[in-house]
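Asker: Pulled these from Swiss-Prot:
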- Gly9, Pro10, Glu11, Gly12, Ser13, Gly14, Lys15, Thr16: ATP binding site (BINDING)
Amino acid sequence: MSAFITFEGPEGSGKTTVIQQVAQKLENQYSVVLTREPGGVKTGEQIREVLLEGDDMDDRTEALLFAASRREHLVGKVIPSLENGKLVLCDRYIDSSLAYQGYARGIGIEEVKSINEFAINGLYPDITIYLDVSVAVGRERILKNQRNQNRLDQEDVKFHEKVVEGYKKIIHNESERFIVIEADRSIDEVVNATYESISKYLEKL
């Protein structure tokens, strides 16, 4: 059984930790492929380094690079995995571009969506898990955990508040695709809630 499940959330939502632990739980029942964006394949990882560790760049260039990395990732990893009946869990996907570049950068959600629709060629997630946490809590976690901060982490509070606003708009418009998980709880609680939600969805397939 194949399914494409993406994970989204603002910085400090615990997304990467949650997806890894949820994947371990799901592996007891399913053949799971865990991947991430930007990255996931060699070319995608090279673009990731430019995007997250490089110097400041034009907003539209940033959006185009994310879309290019996404296309390489789909063709090289996601699509083959789905065709082989895998359960694909992806750390970030198109909604990140819409929230970060489309809304927070001010390019426009519809403009960035058009770029990405060309890249994904109709391959939307079956469901998207959104880990909902406030900007204040997210930034506090990043500082507490002493996580290496990339170029996007270092944006100011207003930028990250806009990211959350952008996500909320996207979720409002596509509520049937999203499962919203309160992520201001302990990691164990968030992992369990996420695992239960995904399991319920998969049982219906």
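Heads up, the Cβ atoms here are built off N, Cα and C, so glycines get one too.
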Asker: Once near-sequence residues are set aside, which residues in the chain of Lys15 (ATP binding site), 6 or more away, have Cβ atoms under 8 Å from its Cβ?
Answerer: Phe7, Glu8, Gly9, Asp91, Arg92, Leu131
Asker: Using Cβ-Cβ distances, find the residues under 8 Å from Thr16 (ATP binding site) that belong to the same chain and are at least 6 apart in sequence, listing them in sequence order.
Answerer: Arg36, Asp91
Asker: Give me the long-range Cβ neighbours of Pro10 (ATP binding site): same chain, 6+ apart, Cβ under 8 Å, in sequence order.
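Answerer: Residues satisfying the criterion: Val133, Val135, Gly138, His160, Val163, Val164, Tyr167.
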Asker: Can you tell me the three-state DSSP label for Lys15 (ATP binding site)?
Answerer: helix
Asker: Are there any residues at least 6 positions away along the chain from Gly12 (ATP binding site) with a Cβ closer than 8 Å to its Cβ? List them or say none.
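Answerer: Looking at Cβ-Cβ distances below 8 Å from Gly12 (ATP binding site), excluding near sequence neighbours, one finds Val133, Val137, Gly138, Arg139, Glu140, Arg141, Ile142.
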Asker: Inside 10 Å of the Cβ of Ser13 (ATP binding site), count up the other Cβ atoms and send me the figure.
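Answerer: The Cβ of Ser13 (ATP binding site) has 24 Cβ neighbours within 10 Å.
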Asker: Just name the most isolated of the binding-site residues Gly9, Gly14, going by other Cβ atoms within 10 Å of its Cβ.
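Answerer: Looking at the binding-site residues Gly9, Gly14, the Cβ with the fewest others within 10 Å is that of Gly14.
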Asker: Same chain, not part of Gly9, Pro10, Glu11, Gly12, Ser13, Gly14, Lys15, Thr16: whose C-beta falls within 8 angstroms of the C-beta centre of the ATP site? Give them in sequence order.
Answerer: Leu131, Val133, Gly138, Arg141, Ala183
Asker: Can you tell me how many other Cβ atoms are located within 10 Å of the Cβ belonging to Glu11 (ATP binding site)?
Answerer: 23
Asker: State the three-class DSSP label for Gly9 (ATP binding site), counting H, G and I as helix, E and B as strand, and everything else as coil.
Answerer: coil
